[in-house]
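Beneath this line is the structure, given in structure tokens, with notes to follow.
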Amino acid sequence: MAQTGKNRTVEILNAAAAGKYGVLAAIAYNVEQLTAMVRAAEAKRSPLIIQLFPSTLKQLPTLAYAAAAAVKSATVPLSLHIDHAQDAAHIREIIATLPVDSVMVDMSHYDEEENLAKTKILAKECHAKGIAVEAESGRIEGGEDGIADTEGLEALFTSPEDVDNFIAAGIDILAPSIGNLHGDYGPSGPAPGQLHFDRLTAINKQIDNRVLIALHGTNDFPPELLRQCIENGAIKLNVNKLLLEVWNEFLRKNAAGMSLVKLIDEGMKVLQVETERWMDICQSSGKA
Ligand SMILES: [Zn+2]
């Protein structure tokens with residue numbers, strides 16, 4: 001493990017790896033979603049990683065401080081992670097100015113050699129501030145909010161050589177490309193065989209506890225598939241639409257006929273219930 005000091009994200013994931021359960025790393029776009037997720041963690045006595053996109057840091061600059069305050073005041077282990085940070089200057093600004101625990105240094109839109117070189121330099125700078133680093137090996141297809149879309153760039157599966165190279169670059173968390181994609185799979189989730197479990201199992205074996213595995217691209221996952229990923233070594237489960245769709249659906253259905261205050265209250269309840277359900281599925285409930 002490259003990150004040696006006390007780090008909230010690494011501590012949460014190390015405990016999960018030892019206990020063989022998964023931890024939700026949940027994207028929040030606003031303070032209502034953040035609050036509902038933190039309430040779920042408290043209610044379930046579950047650890048939780050709160051994730052913000054770099055685009056959200058620009059859209060709502062105070063949200064990172066709200067998240068950091070939640071991390072600090074919670075009675076369960078929480079951490080604040082910045083997902084898919086793809087711009088070196090922005091990464092340097094984030095680690096110099098924001099109270100974050102970990103950052104995904106995502107240089108996967110560069111070719112492999114440049115990806116590794118940039119990751120290595122930025123990982124060192126993050127570690128100097130006690131911030132843990134995640135990186136994407138190979139290339140996960142698709143795009144998410146504010147992330148440079150890799151569509152048109154070929155998805156590249158993570159090879160054994162990638163694994164060693166990224167560990168050597170000093171990262172703490174590896175996000176492998178195993179057939180997962182950023183975006184929607186369709187209502188029933190990935191097609192049978194779309195996720196390469198043999199590859200995930202081999203990566204986990206090769207890693208041998210040197211770094212932790214993050215799984216990206218979980219939209220539309222059925223519970224049993226997420227469980228299968230955890231059983232094969234994925235510890236940090238990045239979730240976005242998987243949790244937030246209930247919130248979106250609630251707002252779509254009720255925005256016209258409900259007062260704003262009630263809409264927010266009820267929407268937060270719906271999202272808290274859904275977050276608690278996925279904490280149970282990850283088996284992180286009761287682990288805090
Ligand atoms: Zn991702």
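Each Cβ is built from the backbone N, Cα and C atoms, and glycine gets one as well.
The annotation active site, proton donor is assigned in TrEMBL to Asp83. Counting every protein chain shown, the Cβ of Asp83 (active site, proton donor) has 26 other Cβ atoms within 10 Å. Look at Asp83 (active site, proton donor): DSSP puts it in a strand.
Look at TrEMBL and you will find His84, His182, His216 tagged as Zn(2+) 1 binding site.
Residues within less than 8 Å, Cβ to Cβ, of Glu136 (Zn(2+) 2 binding site) and separated from it by at least 6 positions along the same chain comprise Met104, Asp106, Ser108, Ala175, Pro176, Ser177, His216. The Zn(2+) 2 binding site annotation in TrEMBL covers Asp106, Glu136.
Among the binding-site residues Asp106, Glu136, His216, the residues whose Cβ sits under 6 Å from any atom of ligand 1 are His216. Note on His216 (Zn(2+) 1 binding site): other Cβ atoms within 10 Å of its Cβ, all shown chains, come to 27.
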